[in-house]
């Protein structure tokens, strides 16, 4: 019995070690969280998007995200992480909490945080020493500019209900694209430790 227990402990330690993959596998749970976040965003709808047509804006969702074939595996993970982090930051603001149903907003922020926590498990192992260089990586800079455009738009519109509705619809689009990127990463091997 002691031998079996020792063997199991060794397997767990190896799985979570630098060469293991248990901690960095893009799990089904991550995909389920992503789908749930999209459902929550859909439920947050307070206005008819048609009533806000005059406030529409093309935020220029980065083509690197839309056409993810352009991203290599080593770029896809940081772009996905940045997209989720920026989404969380957008909805975890004072202005956001004034615009949305508090319960739904808290559930959305919790769901985004769960996705980030899962990816954080992998982040150090996947990016390691390169982390400091990622801030300068073109796709990451593009994602940051995209979100800065959303922040600028909200400020320009005075954080109006219609502006938030337009942003909600845009974020559904962005999170749908990030879900597609997650699927693509999974098809690339799912184990983010593999070369």
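Yeah, the Cβs are placed from backbone N, Cα and C, and that goes for glycine too.
According to Swiss-Prot, the features are:
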DISULFID  24-122  disulfide bond
DISULFID  52-162  disulfide bond
SIGNAL    1-23  signal peptide
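When each of the disulfide-bonded residues 52, 122, 162 is scored by how many other Cβ atoms sit within 10 Å of its Cβ, 162 comes out lowest. Of the recorded residues, residue 162 (disulfide bond) and residue 122 (disulfide bond) place their C-alpha atoms 37 Å from one another.
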